[in-house]
Amino acid sequence: MSSHPPAPRKHVTIHELRRMKESGERIAMVTAYDATAARLVAVAGVDAVLVGDSLGMAVQGHESTLPVTLDQMVYHSAMVRRGLARGDGRAHLVTDMSFGSYQASADEAVKAAMRLVAEGGAEAVKLEGGAEFGEVIRRIVRAGVPVMGHIGLTPQSVHKMGGYVVQGKDSEKAQQILRDARALEAAGCYALVLECIPSELARIVTSQLRVPTIGIGAGPHCDGQVLVLNDLLGLDASFTPRFVKRFGEVGAAVQDAVGAYVGEVKARAFPDDAHSFHSSSVRLVPVERHAEAAEEEPPDAIGAPI
């Protein structure tokens, strides 16, 4: 038996993702919004991490992704980058471009993408939309920033789409999604997210593209899958879309743990001796002196209150 430790896993690049598609190896991607989550998912072995604008709903409590700002995406992306570095450093990091950061002009889009890379530590950016964003994608790619596309259900267009509904169910809309997929590949996207489209359509799109497809609510035929971390952990028992499989019941575990903590505090069972500090050299102020000091004028406060 060899005594040599196993070789460290290679960092996943855009080229490695293409190789995975070509070899038939499935790509596992999840979202993360902070350093702790990023470290945990990295150690768990994910291939890619998405700092999604879904943080607007999963973290900030909004009803949609629309209120999320570019500054917030930069902030969360930088946190995730630090967390991945504390994991195994292997996962590929993609960050969403927020609503309004790329729709107005290609110039603004390039500047926003460069911020996400330079300040947020992203290796690539993801933007939503079809062929109409082809020139924006070309400009960003020419600036040196890889772009992941996103078609099908695009949450930033929720009002235009009339809600969070499956896309491409009829022949005409399915053909448009296929045309958009080809156009985004031609514009320079290195991968595409396919969200909430029929499994049959996702299979056709995947088979006709050279770049990897990452599905969410798009069936088993994509080259990879992505889920929102909060959803797969079961943090919100009230949110159960059909395409989400809950791989844990972390929400219930959190409630149980915090409930146990509250109970022990109320019962004066925590902290106990094992969770307290001790010293044999502490000098106590006599009770009488302490009482006299209480009657004296209190000194000026030093430092900030807590």
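Heads up, the Cβ atoms here are built off N, Cα and C, so glycines get one too.
Not measured: the values here are computed from a predicted model.
Database features (Swiss-Prot):
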| type | residues | note |
| --- | --- | --- |
| BINDING | ASP53, SER54, ASP96, LYS126 | 3-methyl-2-oxobutanoate binding site |
| BINDING | ASP53, ASP96, GLU128 | Mg(2+) binding site |
| ACT_SITE | GLU195 | active site, proton acceptor |
Determine, for the 3-methyl-2-oxobutanoate site, the additional residues of the same chain whose CB lies within 8 Å of the mean position of the CB atoms of ASP53, SER54, ASP96, LYS126; present them in sequence order.
THR31, LEU50, VAL51, GLY52, LEU55, THR65, VAL68, MET73, THR95, MET97, SER98
LYS126 (3-methyl-2-oxobutanoate binding site) to the residue listed as 'active site, proton acceptor' - Cα separation in whole Å
13
I want to check the contact list for ASP53 (3-methyl-2-oxobutanoate binding site): same chain, sequence separation of six or more, C-beta distance under 8 angstroms. What comes out?
THR65, VAL68, MET73, ASP96, MET97, SER98, PHE99, PRO155, GLN156
Between SER54 (3-methyl-2-oxobutanoate binding site) and GLU195 (active site, proton acceptor), the C-alpha gap once rounded to whole angstrom:
13
Is it possible to get the count of other C-beta atoms within 10 angstroms of the C-beta of ASP96 (3-methyl-2-oxobutanoate binding site)?
30
Just to verify a number: CA distance, GLU195 (active site, proton acceptor) to GLU128 (Mg(2+) binding site), in angstrom, no decimals.
10
Using a Cβ-Cβ cut-off under 8 angstroms and a sequence gap of six or more, which residues of the chain neighbour GLU128 (Mg(2+) binding site)?
HIS150, ILE151, THR154, PRO155, GLN156, SER157
